[in-house]
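First the structure, in the form of structure tokens, and then the observations on it.
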């Protein structure tokens, strides 16, 4: 075994105050690594990862930059640039969707996450679509998915009010349904959740109805449900079930939490345990959600050339990607630059995430089982390079539960200690880092913080003998520097397409 890259998803370096679950946790394994190894910090937000200034990073962007070895201009930025340049209406895939609705006297259905979180969508993109519908004279409706995970738990009503103002000015785009992302954006094959969002959109069947979208969210708060958990709700006066005469524009720019609902709406590989019969609407996705989906894409991927996986394959290295199912896409699709298919010599071992409503109920998640599997691989069929993601700091951090997040950090630390011992015994270099912060700011019980942070993340390097090897970590590093660092450490030439630089210096 040559090297292991361990990604502590959501483990940021905060202020160490009462909101910082990372600092509050007992982390003897990580602390020992940081003491023995070469230790530094990396930036994971804004322009350092191809996002607008000040925009917090996320797991998709983080893994994409880690794998690319260079700063990758994000799809969200491409969309925004077109809107700002006044050429958004010229997009061919979007134009065809509007043409379909216009030619068949149908509607365009906009659906996606309505918030300013910037992780899965921008509300400005939805507002631009509403304005475009008005310009085209096409009737439009919106299926609004509320956030509360990448934004404050009860901020959704404000975003809905902003949308209502745009709709009123445009004269189209009324909200037809409201649904929390817990249902509409599941990514762990909890198909019964997806089906509830599907039924509201396609059949206008939902447990609740409200006079307005704002009232729908307010009623959810009254029931004790925050934005993420808003149950599917129909908005009265907008009788707009989905039909074959209609078009759909799914405006999320991030793929992983959009796939399930798109699969159900387009009847792609229906392996769920109930029958669905969606109408043959013209469906367009803002970005490519899956390269196997035969659907029009408004902004096809600009895949990074020669990501880490490709370079390892070209050098005849074997590699193993490991995570629990919540982070499957990140250690495979995103790390590989938007490629679903494994590279030559790349194996994948994904452990199921626990079947619980929210991960504060099981902060350890599947970290022990994931570590067991990794140690088994290292002992029996060790890859040349292991990439492993621990999901806990991010997934539990999103619940806003400080004590659960603290427990999640401690659970990961325990497993990191076990894994580090196995890697050292196998003679591997160890790199430990994170893709963004989260558990480093949990807010307060009165005002829980469930979103990512813009804090830096750790970067720790240990030689096969568990020391810093005389190296230090330079200042000013970003996620784009990780792949070049790993490659140079194991003696693989860094391709010209990787503009990142090694983080290690003597």
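Placed from the backbone N, Cα and C atoms, the Cβ positions cover glycine too.
Going through 48, 59, 488 against Swiss-Prot, the one listed in the Mn(2+) 2 site together with 9, 435, 436 turns out to be 59. Going by what Swiss-Prot states, the Mn(2+) 1 site holds 394, 398, and the candidate of 203, 208, 452 recorded there is 452. Site annotation (Swiss-Prot): substrate is bound by 120, 149, 150, 181, 187, 254, 255, 256, 257, and the candidate from 73, 327 recorded at this site is 327. Using a 10 angstroms CA-CA radius around residue 150 (substrate binding site), the recorded positions that qualify from 9, 59, 394, 398, 435, 436 are 398. Of all the binding-site residues listed (120, 187, 257, 398, 436), 187 has the fewest other CB atoms within 10 A of its CB. Comparing residue 120 (substrate binding site) with residue 59 (active site, phosphoserine intermediate), their Cα atoms are 11 Å apart once rounded.
Note: the CA-CA distance between residue 436 (Mn(2+) 2 binding site) and residue 59 (active site, phosphoserine intermediate) rounds to 7 Å. Cβ-based neighbour count (10 Å, all protein chains) for residue 394 (Mn(2+) 1 binding site) stands at 31.
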